[in-house]
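**Student:** Input: one structure, supplied below.
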Amino acid sequence: MYTGTPGMQKQGASYAHTSSQVQAQAQAQAQAQAQAQAQAQAQRIRARNHYDILVGEGFRGTKRERPTDRTLPPSLKRQVKESAFYNDLQRMERQLDWTMARKRAELMDSMGKPPKVKRTLRIFLSNTCANQPFQVEEKEKSQRDADAADADDADGGDEEDGAAAPAAEGKAAAPSSDVPSWTLRIEGRLLDPSFRSRAGAALSAHATASRIGAHKFSNLIKSCVVEFMRDPNLYPDEQMGASQIVEWHRPSPSVAPQPPMPGAGGSAVTESPLIHSAEPALDGFEIKRTGTEPVKAKIVLYPLYVPERYSVSPPLAQLLDIQEETRAGVLSALWAYIKQKNLLDENDHRVVRLDPPLQALFRTPTINFHHIPEVLHRFLHPPQPIVLEYYVRTDRAEYRHPTAFDIELDMEDWALRTKQHNVLSRFDANSALSNEILAIDDQIAQAALTIRNRAAAQHFFSSFAKDPQGHLQAWIASQARDLDTVLGASQSGRGPEGDATSSLHFTSEEMRRAETFHGPWVNEAVIVSESQRLAQRLQELQSNTVRSTTQAS
């Protein structure tokens, strides 16, 4: 058999080896291309799934949103003329909401500043007597008359009656062992305002029903001092003044004040606590003394002012035209005087340049405004007490002073405060009325959303009926732009198909137009594209170098 020459055998072997290498390279390239295509396909699937997730989350987020817009589209006014009335109602509602919010703020501010009302405290003075000489004589006379009448009725009865008669006479003739005395009464009563109606009076009584002893006389004064002008020679036990002066002072709190009672709506009424002590509130005072002579009494009352009132020193009182006022009232009057005289420094408004009258009082040419309350304290003194004089008469069993004494007091108007609190309780967000209003607002917002959707659908179909082709093209372009705007920014420069143009948010129609590529972004895009192409070329050269090195080895 012919097998050929050795040279021919070597040539055939080398050709077979070369063909096997070519086949191996082709298979490797095919595998690399298949792997690249698989990776690209997987990337496209992941991108498409990511888009689907974003769209689904967007739709779910839209469904979860609670409609709050209650406006109607302006185009609806041309089709439904009655919608103008709805807009008018909305405008009126906004005005009403603003007014109610302003009134609520004013009420809350006034609750922090309790309203004051002028009330009259009427003082009644009287005295009663016991065992005075004229009373003893009257008693003895009435006893003798009674005994004489009994004796006449008996008409000379038996011996027992005769023996009892001298004993009765001896008893009547015996002097009384009771000591003559008299009792001074000081009573106070708070009068209701004359302008208040029956309904207002009932409301005021209801407002103060829970305040035990709130309007008692002892709760309206701080101190009461009574001095009796009696001859110490007739009453030796009073020479040292042991009972010439009687004092009563408002008791200090011995029990913690009770918390304010919750009012309507669950909130609490801020009410100034009363003095809680073992001594109950009183409508008046009684002072009992022995004696048969008339006595002159000097009664000094110190009313309770809330907040505390002060008597202003005469120089400052003449300058500000006030005699008695609270600390805040005096400071406000002084501030009004400073503004009227334009005494604030032009460069630093914290400094007050005093005029000659104020310099004479404060003894300084300038003063910082925040130091004025401290300096003003030197010109405030306790208010003058109420001094009453009364003569205790011992010639009558009971005597009342013909004149009642009135004291004007500034007191908190709890009836008005109760009304304000009831009004504020209706603004509570947890009240039934507020929940009902919120439910109605939700219904209106849902109805407005439905109307807007129907109006948009009507506009869509009317435009489609006029020009179906143009309408669909414009609608598709609008949807594409919206989709690119909402979802395109979430990708890092690559679209769902992996192209670079999708990252620019251009539609296919815009890519067909030449003016699209005349923008300022073109230069930057060219640089980025060339950089990417150069990087890709370098990567290919590096891969070819590595492959050739592997084959040579």
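Cβ from N, Cα, C; glycine included.
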**Student:** Look up region 'Disordered' in TrEMBL and report which of 42-87, 134-179 it refers to.
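**Tutor:** TrEMBL lists region 'Disordered' for residues 134-179.
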**Student:** Quick check on the domain 'DM2' (305-382): DSSP residue counts for helix, strand, coil, in that order please.
**Tutor:** 40 helix, 16 strand, 22 coil
**Student:** List the helix, strand and coil residue totals of the compositional bias 'Basic and acidic residues' (136-147) as derived from DSSP.
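**Tutor:** For the compositional bias 'Basic and acidic residues' (136-147), the helix, strand and coil counts are 12 helix, 0 strand, 0 coil.
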